[in-house]
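Undergrad: Pulled the feature table from TrEMBL, pasting it below:
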| type | residues | note |
| --- | --- | --- |
| ACT_SITE | D204 | active site, proton donor/acceptor |
| BINDING | E18, N154, D204 | divalent metal cation binding site |
| BINDING | R101, N103, E121 | substrate binding site |
| DOMAIN | 16-264 | domain 'SMP-30/Gluconolactonase/LRE-like region' |
Amino acid sequence: MSSIKIECVASEGYRIGESPVWDEKESALLCVDITGRKVCRWSSVTNQVQAIAVDAPVSSVALRKSGDYVITLGTRFAALKWKEQLVTTITHVDKDKPNNRFNDGKVDPAGRYFAGTMAEEIRPAVLERHQGSLYTLCSDLSVVKHFDQVDISNGLDWSLDHKTFFYIDSLSYSVDAFDYDLQTGKIGNRRSMYRLEKEESIPDGMCIDTEGKLWVACYDGGRVIRLDPETGKRLQTVKLPVDKTTSCCFGGKDYSEMYVTSASDGMDKEWLSRQPQAGGIFKITGLGVKGVPPYLFAG
């Protein structure tokens, strides 16, 4: 596998870079900096990054069928008009938990926006436990709560046949699978598909490739791993030059490039001097697999 190439395409020094999503129309990669409170867009054409500042921790961004984007902001689902730099609240969750915020989110194959919450961290990966829940914003803008007692709601994706939902609650150190009903958006029959090994550290964001295999970014593990959901086995490990790898997605003209976000929060001067690209966006080429284009929020 010597053809794999890793380059830092944007050394932005994000505090917690997250939620990479390829925007085909713009030939650009969207992502967020959660604690930096901004939504960012890196153009593969100009190599420039544009950013829109927001008024709360912003944890995920998704494409919207009607144009522009939807985001999870604090404990709100919100709409973002890029050109106008305009954010409007769609709805609130976790109103009884002022210390909570959203974390990762993604749109399902039917156009629903799944996203989960967590307690605000005291420091990276240290927080009050079992405070989060998993929600869906439906296309009619109603919200469904699936379950609570979540520590850090994180990576999510769907199998190619749309019958399985994959989900990560980071502090369980497990990638879980659920039965998934595309018609109703209901999930059930939770089971562990893969348990992380010690050196892989904490499972974070995740995406699927066209062969139905999952790619999981390992926070503090400095790598993305490829998993086979059928066998529960790890197939491949790709190490990156930074420890705090947070999430991954496929993009580029034919979705053959992988983009990986990273974080710099919680790193001291000495650590940062060893990893000057911490908080950057990385592009991996030569993996030999392609990804699935992101689904668009239907509401």
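Positions of Cβ are set from backbone N, Cα and C atoms, glycine also.
Because TrEMBL annotations are produced automatically, they should be read as predictions rather than curated entries.
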Undergrad: Within 10 Å of E18 (divalent metal cation binding site), Cα to Cα, which of the binding-site residues R101, N103, E121 are there?
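TA: Candidates kept after distance check: N103.
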Undergrad: Report the residues of the chain - excluding E18, N154, D204 - with C-beta within 8 Å of the mean position of the site's C-beta atoms, for the recorded divalent metal cation site, in sequence order.
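TA: In sequence order, the nearby non-listed residues are S19, N103, D104, I152, G155, I168, S170, G205, A217, Y219, T246, S247.
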Undergrad: Which one, from the binding-site residues N103, N154, has the smallest tally of other C-beta atoms lying within 10 Å of its C-beta?
TA: N103
Undergrad: Where's the emptiest Cβ shell within 10 Å among the recorded positions E18, R101, E121, D204?
TA: E121
Undergrad: Rounded to a whole number, how many Å is the Cα of N103 (substrate binding site) away from the Cα of N154 (divalent metal cation binding site)?
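TA: Approximately 6 Å lies between the Cα of N103 (substrate binding site) and that of N154 (divalent metal cation binding site).
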Undergrad: Between N154 (divalent metal cation binding site) and E121 (substrate binding site), what C-alpha distance do you get in Å?
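TA: A Cα-Cα distance of 14 Å.
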Undergrad: Summarise the model confidence on the domain 'SMP-30/Gluconolactonase/LRE-like region' (16-264) as a single mean pLDDT, whole number.
TA: 97
